[in-house]
Amino acid sequence: MSGLKEKLVARALEEGFIACRICRPDAVPDVAARLKAFVDAGYHGQMTWMADRMHWRGDPTQLWPQARSVIMLAESYGPEHDPMAVLQQPERGAISVYAQGRDYHDVVKKRLKRLARWLMAEAADADPQVKVFVDTAPVPEKALGQAAGLGWQGKHTNLLSREWGNWAFLGAVFTTLDIAPDAAEVDHCGSCRACLDVCPTDAFPAPYKLDARRCISYLTIEHKGPVPTDLRPLLGNRIYGCDDCLAVCPWNKFATAARDMRLSARPELTAPRLADLAALDDAAFRALFSGSAVKRIGRNRFVRNVLYAIGNSGEASLRQIASELTDDPDDAVADAARWAVAQLGG
């Protein structure tokens, strides 16, 4: 298998990944303790699956004991527009950059599978086995990414790189092949606090620590039912996710736009009108977000978010739209509608 690693990296870049590095499955011994502290503090909120699968997420060797190497890959989704600009348009909704294109789970996983098939053929004499993962299994991708040398976990807890900033999806290929690991990356955040200071909800109790219960991405995507009243005004017009801590990172001066056009933003999702989104029924919601990660939260949670944004808009013209949803069959939607009407002076 002489030269396999070099061929693998070259093939990964040909497939469209922006970086490919290797680590051992046991290269993240501190993850279990950090995850336990996160869960013990209650920072995971309603994400009970984080606690339920902690034994796997905290120790990748438990996920697949036969694995000898983890191939970590990064795929760019850098925006071609300023993701913060829409925050100054209160009558429009802000959707996280990663969800403005096609669902990355589908795009990246297909690419990982192609790379895995190539690896199995290239190293056929060793009869390798492979498993691919993209954010849907209990894999500590960010920690493995740092161990493999892709980048480091910044103060906002996301992975970032001096080569491509922090606009990247991560994917992993576990394999029974023994491939020489790369050196781990070290922290390059220095004294910078940009990501911590920009957070609208003060979701970072300390650098490198996130309280998901206050994170807008968690509140608009993972949180079921009504959002706590004191946090609603802080959502602004963010209706699916939040990019503030990512967008202000100075290392993004090296970021590149998405190479795969499927991950590029759909124009109709960069700054959609709140009035149009509030009117979506289930069928219209599924049609608009077909192939998008947004579809995963369903119409009710999405319209709930839209109504919070309407309430924060200061636009009296949107009051009637909110009032029409005060009797919505979904309790969280109806509650959000009543709150929006009250915020707009109704």
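Glycine is treated like the rest: Cβ placed from N, Cα and C.
Quick caveat, the model's predicted, so the values are computed rather than measured.
For the [4Fe-4S] cluster 1 site, Swiss-Prot lists C189, C192, C195; matching the candidates C23, C242, C249 against that entry yields C249.
Across the structure, C192 ([4Fe-4S] cluster 1 binding site) and C242 ([4Fe-4S] cluster 2 binding site) place their CA atoms 20 angstrom apart. Considering other CB atoms within 10 Å as the measure, the emptiest surroundings among the binding-site residues C195, C199, C215, C245, C249 are those of C199.
Taking the Cα of C189 ([4Fe-4S] cluster 1 binding site) as the reference point, the closest of the recorded positions D135, C199, C242, C245 is C245.
All protein chains included, D135 (active site, proton donor) registers 15 other Cβ atoms within 10 Å of its own Cβ. Counting only residues at least six positions away in the same chain, the Cβ atoms of A94, S96, P200, C215, I216, S217, T220 sit under 8 Å from the Cβ of C242 ([4Fe-4S] cluster 2 binding site).
Taking the binding-site residues C189, C192 in turn, the residue surrounded by the fewest other Cβ atoms inside 10 Å of its Cβ turns out to be C192. In the three-state DSSP assignment, the secondary structure recorded for C242 ([4Fe-4S] cluster 2 binding site) is coil.
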